[in-house]
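Asks: Just passing along the structure, written as structure tokens.
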Amino acid sequence: MRDYDEVTAFLGEWGPFQRLIFFLLSASIIPNGFNGMSIVFLAGTPEHRCLVPHTVNLSSAWRNHSIPLETKDGRQVPQSCRRYRLATIANFSALGLEPGRDVDLEQLEQENCLDGWEYNKDVFLSTIVTEWDLVCKDDWKAPLTTSLFFVGVLMGSFISGQLSDRFGRKNVLFLTMGMQTGFSFLQLFSVNFEMFTVLFVLVGMGQISNYVAAFVLGTEILSKSIRIIFATLGVCIFYAFGFMVLPLFAYFIRDWRMLLLALTVPGVLCGALWWFIPESPRWLISQGRVKEAEVIIRKAAKFNGIVAPSTIFDPSELQDLNSKKPQSHHIYDLVRTRNIRIITIMSIILWLTISVGYFGLSLDTPNLHGDIYVNCFLLAAVEVPAYVLAWLLLQHLPRRYSISAALFLGGSVLLFIQLVPSELFYLSTALVMVGKFGITSAYSMVYVYTAELYPTVVRNMGVGVSSTASRLGSILSPYFVYLGAYDRFLPYILMGSLTILTAILTLFFPESFGAPLPDTIDQMLRVKGIKQWQIQSQTRTQKDGGESPTVLKSTAF
């Protein structure tokens with residue numbers, strides 16, 4: 001029986017129809033790029049200090065010395081969360097005493113910012129941090145907002161596949177596109193931090209569901225030779241384009257509500273794609289809607305200037321296709337044998353670490369020296385060559401060496417940052433860009449690599465579990481950035497160390513480059529070291545007079 005690709009081979013590989021679908025589905029991902037990272041500017045924390053009300057009767061000298069100083073990055077700056085007790089310094093001011101000359105400031109009693117804060121408006125006019133005072137004792141709320149967004153992404157990744165299988169790829173694509181745009185718009189009317197955060201969780205659910213639906217729809221419509229390019233370059237590069245657009249919007253629109261309003265406009269415009277993007281013929285056939293699938297295929301043929309055959313799907317082939325029942329497998333199968341259990345655990349570690357590094361560096365933009373808008377643009381732009389490099393490596397070089405090298409590059413430069421003198425801050429920023437380049441390349445390659453490691457019977461499940469680990473990494477990443485408030489090098493030390501350890505771990509994965517995809521668990525490639533363990537086990541068994549087990553051949557380390 002012919003498969004779907006053989007049946008539709010008459011359409012060609014790269015005709016006008018395929019090019020249109022490739023571009024439109026990739027373009028639908030652009031809003032995902034700036035919605036996911038918009039929190040960098042929506043929750044930006046400007047320099048701030050305790051507010052000293054104008055109603056307090058202070059001399060100009062005491063008003064200028066009302067905030068204690070602290071040493072930060074080798075210079076004296078006003079503290080952000082403390083001030084001298086106003087009642088005390090008001091009395092000194094009334095008595096005509098001068099700060100520093102008549103009064104030792106180090107001996108003065110201090111207090112919290114009881115009247116709120118005043119914020120520097122050179123970078124941001126307004127953010128959710130300045131509007132709801134998410135600083136000092138409430139500074140944990142901003143990273144929590146980001147983490148909960150990724151919790152929404154995690155929930156969306158669970159339900160998106162089921163919704164897509166039940167209601168169709170196209171319907172779910174545009175439903176979740178509307179969900180992402182609609183809830184982003186509703187965030188404009190947030191009256192408090194809690195309302196904003198709940199809506200942001202729903203935006204996260206829509207974002208990942210939209211991404212998955214577009215990804216699946218493209219892989220099902222496009223031909224075999226185009227699918228890999230679509231998966232590694234198409235959606236990824238257009239996501240990076242969306243990320244690159246974000247700082248351009250944010251530079252010209254520095255009020256968080258107006259910025260959010262501007263970011264919803266492209267999502268609304270994407271709604272017009274409904275009339276150009278078809279449903280997946282594969283999904284229609286799986287639902288028994290063969291005539292609808294044929295209509296789409298014939299329109300594609302006409303668009304490509306090709307005459308479709310009179311009969312596209314043979315009734316007997318469809319009957320054979322519908323009679324095939326997939327064998328049931330459970331998540332337990334991912335740990336059923338020693339080999340697949342080790343691969344699953346290693347994959348979870350690999351995905352989690354890469355995700356922490358990718359999102360941690362993306363969210364760390366405000367902490368970099370230099371202009372935040374330029375730095376954000378560069379962190380987004382560096383993803384484009386990273387994706388191109390990943391695609392080239394996947395075409396020509398072994399997987400585990402490629403991923404390990406990319407991770408080692410990313411991790412090592414992050415560790416070097418702490419050695420850079422403070423006056424060479426541009427070098428530190430450049431090292432962060434190189435680190436983002438390496439980790440992004442690994443992120444792009446790990447999707448293909450994981451799919452090649454798992455057998456057909458549990459491939460979707462294996463990639464799904466690994467992807468879930470990635471979501472957990474993204475949830476943790478804001479708190480890696482948060483540690484920079486205590487030591488600006490600590491996030492880089494942690495992310496760099498984890499990335500290098502994972503690069504070493506990757507070398508123990510089996511090599512799938514050039515190997516046929518396994519169909520069963522027994523056909524899986526062996527983890528490095530498993531063969532030696534089996535040989536030792538066989539020797540012990542033979543000494544005991546038992547039957548020697550079969551040793552599967554593995555690729556040499």
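The backbone N, Cα and C atoms fix where each Cβ goes, glycine too.
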Asks: Would Swiss-Prot have Pro455 and Asp487 facing the same side of the membrane, if we go by the names of the topological domains it assigns?
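Replies: For Pro455 and Asp487, the topology recorded in Swiss-Prot gives opposite membrane sides.
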Asks: Could you state the CA-to-CA distance between Asn91 (N-linked glycosylation site) and Asn57 (N-linked glycosylation site) to the nearest Å?
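Replies: Rounded to the nearest whole number, the Cα-Cα distance is 9 Å.
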Asks: According to DSSP, folded down to helix, strand and coil, what is Asn64 (N-linked glycosylation site)?
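Replies: It is helical.
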Asks: Taking a Cβ cut-off under 8 Å, which residues six or more beyond the ends of the transmembrane segment (258-278) line up next to it in the same chain?
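Replies: Hits for the transmembrane segment (258-278): 20-21, 24-25, 27-28, 30-31, 34-35, 38, 41-42, 170, 173-174, 177-178, 180-181, 184-185, 187-188, 217, 221, 246, 249-250, 296, 299-300.
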Asks: Can you tell me how far the Cα of Asn57 (N-linked glycosylation site) sits from the Cα of Asn64 (N-linked glycosylation site), in Å?
Replies: 13
Asks: Between the stretches 143-163, 173-193, 374-394, which wins on the count of C-beta pairs under 8 angstroms to the transmembrane segment (233-253)?
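Replies: By the under-8 Å Cβ criterion, the transmembrane segment (233-253) pairs most with 374-394.
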Asks: Given pairs 6 or more apart, does the transmembrane segment (374-394) have at least three Cβ pairs under 8 Å with the transmembrane segment (431-451)?
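Replies: Judged by the Cβ rule, the two regions touch, with the required three close pairs present.
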Asks: Tell me if the transmembrane segment (173-193) touches the transmembrane segment (342-362). I count contact as 3 or more CB pairs below 8 A, with pairs 6 or more residues apart.
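Replies: Between the transmembrane segment (173-193) and the transmembrane segment (342-362), which are separate recorded stretches, there is no contact, as judged by 3 or more close Cβ pairs.
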Asks: Could you pull out which residues elsewhere in the chain have a CB under 8 Å from any CB of the topological domain 'Extracellular' (363-373), counting only those six or more residues past its ends?
Replies: 37, 39-41, 44-45, 123, 146, 247-248, 250-251, 379, 425-426, 428-429, 432, 477-478, 481, 484, 488, 491
